[in-house]
Amino acid sequence: MTESTQTKAEVVSKRLAANEETRKAEIEKRREESSVNADPRESVAGFLAEFKLRAGELSTRISALCEQRAETTEATLDSIASDVQSLERQVADATYFLPAYDARASNGTVAALRERMAGLRSKQAPRKKFAFSKDRKKAAAAPDASSEVPKPELAPPAPKIGSPRAPASTGPGIRHRKGEKIVVDACDLPGGEYVLEDLEDVEIWLCGPVRALFIHRVKDCKIYTGPVLGSALIETAEKCTMAIASQQIRVHSAHDICLYLRVRSNPIVEHCTGVLVAPYAVAYPGLPEQLAVADLASETNLWDKVNDFGWLRAVASPNWGVLPEAGRLEFQVPAADGSRPKAPSVAAQAREKEEEDAESEDEI
Amino acid sequence: MGLLTIIKKVKAKEREIRLLMVGLDNAGKTTIVKRMNGEDISSISPTLGFNIKSMSFKGFTLNVWDVGGQKTLRSYWRNYYERTDGMIWVIDSADIRRLEDCRDELHKLLVEEKLAGASLLILANKQDISGALSPSEIEKVLQMEKFSSSRHWRILGCSAVTGDGLLDGFDWVVSDIASRIYLFD
């Protein structure tokens, strides 16, 4: 009985051992199969190792060129460029099995290489890029009609804008002056719009009404006007003193200017700094009548109700303020040259000089 | 009954038209609206924000949205595009220097998807000022030809101060919108 039991046990253990062996063999077989089937290119570690190697090699080649240890020629540049490109393609192919971080890191490395290449190329042939784009434009414009579409947009505006612009330069106004003193009498004012443009260190008196006033690009100027029946628009002014009576006043991009205003609506400033306001104080013969016609005879008390469009908060805008009363001036038209009666010319000149002195003192 | 028919019927019942007044600062937008409404125009301040005016015109109720044109406010214009039936672009015809600015801003507006169906009336304002450009001169600078196929538009001269041309302009824009939206039977 024991013997038979023993033999039985032996048989069972043998069978078990055989089973075990076949199982092991099967595992081995499966492993072999899977390793045969697996794409070697799908191995993350393998890819990263190879990528690192190739990127490192390219990087040293580029550095060599940068430090001019090797001769920079078109051929070497091209070969590096094509290598960078193939590396980039490899990364692109690998992205589907690479973990997100590795994909991102590899892309970053390639981008850096590319950038260094571009830098090298522009150093090597700075004009190449320009010539290339020019060629391409030429080539594209000729055969391909659709690519011509942006071209007419770019080209024709010049003449089109040119023609309607012409009246601007010939329209009434004072332009491109420097270091002068100009008095314009009412009879010389057209009564329509008036332009003061590109002035530097100029003193201007407009002794009469205009419909609209445009002041543009003025510096170190003194501008005194009669009533503006419509609106006054000031854009780009620096270190100026202006006295204006108007229905509306808009000031854009002005810095360190002094405004003596009488206005029938709230004056506004936009993109300005250092704007000081004071009430209108101008005198010349005939002004009171002109102001009465323009409905500006009496103080409207809006000169200090300035709206700053760049400062839409409850706190007062830091861009403008009220000129202290002690610093305010009054402006009297200088008895002028030729057009006015010259009778007390010496006295007038003396007075003018006094005024100027007084002004400059006050400004100091 | 399609959705469009329903919308048309609802709109026809209300007979309301929403107009958007836009343009550079100093163009005279507020003055035009006030003039149309018969209000005092002698002391209008530059618009800080916007004004809404409702007025009756030829049996329609016009809701006019008058939006400030200062540079700092232009980025807010797009908040007013929704459900706009017509826009009125106002130009200061005497401000020749900024005409190109004006054109660029207008072109920006015209590519807005929300305004794609809106009729466009361009008012060349301040024609009463000597030295103002004529509507046809302004039309040349505005280069409207590239939009003319896709949009109902018209340019007219006007003066908010004298009132000339305003009624013609509003007449055109209202009848254009009406013929588009409302069914006259």
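Placed from the backbone N, Cα and C atoms, the Cβ positions cover glycine too.
TrEMBL: automatically predicted annotations, no manual curation.
Feature list (source: TrEMBL):
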- B:G23, B:L24, B:D25, B:N26, B:A27, B:G28, B:K29, B:T30, B:G69, B:N125, B:K126, B:Q127, B:D128: GTP binding site (BINDING)
- B:T30, B:T47: Mg(2+) binding site (BINDING)
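What TrEMBL annotates, mapped onto the structure for a quick look.
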{"residue": "B:G23", "record": "GTP binding site", "DSSP class": "coil"}
{"residue": "B:K29", "record": "GTP binding site", "DSSP class": "helix"}
{"residue": "B:T47", "record": "Mg(2+) binding site", "DSSP class": "coil"}
{"residue": "B:G69", "record": "GTP binding site", "DSSP class": "coil"}
{"residue": "B:K126", "record": "GTP binding site", "DSSP class": "coil"}
For B:K126 (GTP binding site), nearby residues of its own chain (Cβ under 8 Å, 6 or more apart in sequence): B:G28, B:D92, B:S93, B:A94, B:A132, B:S159, B:A160, B:V161
Position of peak Cβ density within 10 Å, selected from the binding-site residues B:D25, B:D128: B:D25
Cα separation, B:G69 (GTP binding site) to B:T47 (Mg(2+) binding site) (Å, whole number): 7
Pairwise Cα distance maximum in Å, GTP-binding residues per record: B:G23, B:L24, B:D25, B:N26, B:A27, B:G28, B:K29, B:T30, B:G69, B:N125, B:K126, B:Q127, B:D128: 21
Separation of alpha carbons, B:G23 (GTP binding site) and B:T30 (Mg(2+) binding site) (Å): 11
Binding-site residues near chain A, Cβ-Cβ under 8 Å, from B:G23, B:T30, B:K126: B:K126
All-chain count of other Cβ atoms within 10 Å of B:T47 (Mg(2+) binding site): 21
Cβ neighbour count (within 10 Å, all chains shown) around B:A27 (GTP binding site): 26
For B:K29 (GTP binding site): intrachain residues, at least 6 apart, with Cβ closer than 8 Å: B:M21, B:V22, B:G23, B:T47, B:D66, B:V67, B:G69, B:I88, B:V90
